[in-house]
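According to Swiss-Prot:
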| type | residues | note |
| --- | --- | --- |
| BINDING | H57, H59, H205, D294 | Zn(2+) binding site |
| BINDING | E86, H178, E208, D294 | substrate binding site |
Amino acid sequence: MILVKDAIINGKKQDLLVEGNIIKKIGNVPISEVSKDETEIIDGKNCILIPGLVNTHTHIPMSLFRGVADDIPLMEWLSGHIWPMESKLNEKIVYAGTLLGAVEMIKSGTTAFNDMYFFLDSIIKAVDETGIRSTIAYGMIDLFNEEKREKELKSAKKSIEMIKKLNNSRITGALGPHAPYTCSKELLESTNALAREYNVPIHIHMNETVDEINQVLEKTKMRPFEYLNSFGFFDNVTTVCAHCVHLNDSEIKIIKEKNIFVAHNPISNLKLASGVSPVAKLLENEVNITLGTDGCGSNNSLNLFEEMKTAALIHKGVNLNPVLVTAKEAFEFGTLNGAKALNINSGEIKEGKLADFALINVKKPYLTPRENIESHLVYSFNGAVDSVVIDGKLTLKDGKMVTIDEEKVYELAEEAYLELTK
């Protein structure tokens, strides 16, 4: 058990008791009511307790790509830098990159992430060791080649079955076709069928750039969402669509009608000059908007508090509307909405919810006066949380990793980077 004493929880100073992996009680919990030998007691004095953040679009091993290819367009970034480096990946490099990314996320309050990449065995190993929660998809790209398609689908199916056999409630599987401009119709149709067969979500890149939309238009005479919808890609499945930068009204209507979750990546989209997602229109249509960081190669951070602030600011600016995306809305994008997208019983601090939360010491200049803490978390907090509990287990205590040797992670990451770039 874990007992957090005297923290600010939902606006009030109170205690929180964790039993197993569930928040058992919020209120007054005297120490005398728990077994001291079996309970981790955390002093929450001067701390606010918040739900763990949920990052709905990542490529976690790409933490090793941080700063590698800055300030260039997306297609040049991919073809000239990222894809050539990815051809050198191996299990050791992916493991090191995942460890580094998981540590960064935990230390900035993220308790769950939605990932699409390769070498899933290595990703799973690192996720298991660090204690973070994850939905993991094998990234499929067939480039319209039949032989490649069969291999990709076989690999994706194998990964889903492997994750299910783990029987680890923190690690769940998904299907990850890269995008409509890199995946054939046959692969996308098979993805929907497999998602229904295995009861897993789909994670896909959509409408990130004008160029990719034009590629799909040229091939199909339809925009990407219209094209995928024409053969039932979104039917009877949960779909998380990353980016959604360039959308017309028809596509927004499809997103709403098919209950698609949008993973908004404002910083990555700005850095690659992809554009700004029409969040104002999405909100008007009651679309569930979540937040993602994308990979470190295009961000260069996994700090979701930065995404909250950017999301709250950029849409005010481009729409000349100071009330658009409030601090409360931005915070929910990064917590409750993300939890809904990944079907995680978290995202808010309530009895019966999963014990995924972070503690933040409010005795900091940028969190004072504490009466305005909801605003501070979005507009002024730097993301450096003090303690983190994931699935009822303490993973970060007083700013230091509990589950893994942090110094060793940095050593492995440096070694992996040198191997990747030699």
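Placement of Cβ uses the backbone N, Cα and C atoms for every residue, glycine included.
Feature map: annotations from Swiss-Prot on the structure.
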{"residue": "H57", "record": "Zn(2+) binding site", "Cβ contacts under 8 Å, 6 or more apart": "N114, M116, H203, V240, A242, H243, A263, N265, G292, T293, D294"}
{"residue": "H59", "record": "Zn(2+) binding site", "Cβ contacts under 8 Å, 6 or more apart": "D115, M116, Y117, G139, D294, G295, G297"}
{"residue": "E86", "record": "substrate binding site", "Cβ contacts under 8 Å, 6 or more apart": "F118"}
{"residue": "H178", "record": "substrate binding site", "Cβ contacts under 8 Å, 6 or more apart": "M116, G139, M140, I141, I204, H205"}
{"residue": "E208", "record": "substrate binding site", "Cβ contacts under 8 Å, 6 or more apart": "L74, A179, A242, H243, V245, N269, S274"}
Cβ neighbour count within 10 Å of H205 (Zn(2+) binding site): 26
Shell of the Zn(2+) site beyond H57, H59, H205, D294, same chain only (C-beta within 8 angstroms of their C-beta centre): T58, M116, A242, H243, A263, N265, S268, G292, G295
Span of E86, H178, E208, D294 around substrate - largest C-alpha separation, Å: 20
Neighbour count (Cβ, 10 Å) for D294 (Zn(2+) binding site): 27
